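The FAD binding site annotation in Swiss-Prot covers G14, L15, G16, H17, A18, G19 and rests on sequence analysis. The NAD(+) binding site annotation in Swiss-Prot covers 273-287 and is backed by sequence analysis.
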Amino acid sequence: MRYIAGEYDVCVVGLGHAGSEAALASARLGLATVGFATNLDAIALMACNPSIGGPAKAQLVREIDALGGEMAVNTDKSLLQMRTLNTSKGPAVRSLRAQVDKKLYQANMKHTLERQKNLDIKQAEIVDILVENNKVVGVVTKLGAIYKCKACIITTGTFLRGRVIIGEVGFESGPSGLFPAKELSEAIKRLGFKMMRFNTSTPPRVDKRTVDFSKMIMQPGDEVITPFSFMHDKIEIEQIPCWLTYTNEKTHKIIRDNIHRAPLYTGEVEGVGVRYCPSIEDKVMKFPHRDRHQIFVEPEGRDTYEMYIQGLFSSFPEDLQMEILSTIPGLENAKIMRPAYAIEYDCIDPTQLKATLETKLVEGLYFAGQVNGTSGYEEAAAQGLMAGINAALKILGKPPLILDRSQAYIGILIDDLVTKGTNEPYRMLTSRAEYRLILRQDNADFRLTEIGKEIGLVTEERYEKFLRKKIQLEKEMMRLPTVMVRPTEEVNNFLISRGSTPLVSGVDLYTLLKRPEIDYKSTKFLDPTRPDDILDSVAEQIDINIKYEGYILKQLRQVEQFKAMENKKIPEDIDYYQVHGLSNEAKEKLSKIRPTSVGQASRISGVSPADISVLLIYLQQMRRKRSDEAKIN
């Protein structure tokens, strides 16, 4: 029997990484919000790797933080180890990667949700979405409780009709032994949404006491920890190392000889898998010329013996997993605590969404996270934040927040999903960013914090911290060209020691800092008027902005061209089948996606440059016609 149990502005279904951010954003913007999880002990569950960040993902985390989200703050509070990746490369691809205590991460996020004003969290399985006149009006729990709402955000991750496969054994399940959400998947289909079936896999966890680390290569954290959150100046903890080992020909032979027992190869798994996170059987079969593959052994927490075997994702039966482990140096006697498994699940075709992550089909219904066909905690959290923000802004009667491709990786992620869709689990990559030199992890606050403040998500404390940094940077960038450096013996000895050419005449410090061998901090002795309180993060900005000035200016000019196309808006009521000259494929794709700008239309697969030219002419004629009609009236 159904009954009214409560009424809220926003209901969030699922409290993983997307759901947690969505619920917090909505509540922090003043909306009465309720979040549902099938198990409150699994909030922000790290069902796969116990880490946050990495290339492109770190940029997302920093952007979430700059807008006032929680992931970076929670990562810093749960840290085991921090490493900066790609340090030998340019700043565009440098990325933080944090190893975290996964249980502490969950506990900290639950603690944050429980104490958030305007937010209730409840343990319940949602089985139906109530819709009236194409508008969402509520959700229903398995026990019959109805929660009325003005907006609903679906963030169900891999739970929709989840099915776990380990070798010959397959059974209905969510990740990590949790219950799947079967009825909700059917409810979403009944509303008319097109569904897809994807899969992902996770490696075994082994007992630390059975691992021989003497046969592995230690992977320590950075000597000085760089916090993920802009709110934290420093973190001082005892870091726990990760370890590196390799597969070998023995490993590969076992896999080749038993490939008929891998469900990912036998057809037992029907979902489409992750391209950039392949199973070990995939790696061995697709790259036969490789004589070894990296295996990272990573801690899952400070107070557990479980170790995560990164690189050994698999759907093989447990006996074969044990045999494979026995061939790897250091893991010969490792005891499995949790076997590897593959999980397949339902997700929606994301082209059914607007750029706000609201569905085109049902007003007030939003989707975010892996249910949109993405992979990764960071991608999920970014979508959750944006869905929470936009659901709240819609209810408050305010304009939506849509970040474009030149503003943030978040903008690229959402634009790719709603414009191009995906036929496999989507992962964020730096190569997807056209303007990655200006979308760095180090400048996310400069790009987005003022936007976060404007919508009301950034706290006064965060904003004041940001302003101090911004003012310091602006003052230094103006002061440095006025500081003259003379070709003294001391100066030239310093330059020679750095592998740089000695000076023959005076030069300003701004120009000197353009040299790749010279960094801002090392020139303090040349600069007597330099303030003593310059932040490390400001020093980093100075070096990057000066050294890459030419490239940054070039990219900013490209952004201007991009913006020009984005600013050419397309009327909502346009009938593409009436646009003569468009190819049939373009008519079909444009009618399905309903792009809001010519720029977005140009990124749709199947829409050619010739189609865009036709569309531009049509829009010009349309505007002229409407202008003439307005004059007559």
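Cβ from N, Cα, C; glycine included.
When the Cα atoms are compared, C277 (NAD(+) binding site) and L15 (FAD binding site) turn out to be 24 Å apart. Of the chain residues outside the FAD site list G14, L15, G16, H17, A18, G19, V12, S20, E21, A22, A37, I43, A44, T155, T156, G157, G369, A380, G384 have their Cβ within 8 Å of the site's Cβ mean position.
Comparing the binding-site residues H17, R275, K283 by how many other C-beta atoms lie within 10 angstroms of each C-beta, the top residue is H17.
The Cβ of G273 (NAD(+) binding site) lies under 8 Å from the Cβ of F198, N199, T200, S201, L264, S279, D282, A342, E424, P425, each on the same chain and at least six residues away in sequence. Across the structure, K283 (NAD(+) binding site) and G16 (FAD binding site) place their CA atoms 29 angstrom apart.
Neighbour counts of Cβ atoms within 10 Å were compared for the binding-site residues L15, A18, C277, M285, and the top value is held by A18.
Long-range C-beta contacts of G16 (FAD binding site), restricted to its own chain and to partners at least six residues apart, with a cutoff below 8 Å, comprise I43, A44, L45, T155, G157, G369, Q370, A380.
R275 (NAD(+) binding site) and L15 (FAD binding site) are 26 Å apart (CA-CA, integer value). The Cβ of G14 (FAD binding site) lies under 8 Å from the Cβ of F36, A37, I154, T155, T156, G157, F159, G369, V371, each on the same chain and at least six residues away in sequence. It is 33 Å from the Cα atom of G19 (FAD binding site) to that of E281 (NAD(+) binding site). Under 8 Å, Cβ to Cβ, and six or more positions away along its own chain, E281 (NAD(+) binding site) finds I255, I259, A262, L264, Y265, S314, S315, F316. Classification of A18 (FAD binding site) by DSSP places it within a helix.
Taking the Cα atom of each, M285 (NAD(+) binding site) and H17 (FAD binding site) are about 33 angstrom apart. Look at the binding-site residues G19, S279, F287 and count other Cβ atoms within 10 Å of each Cβ; F287 has the fewest.
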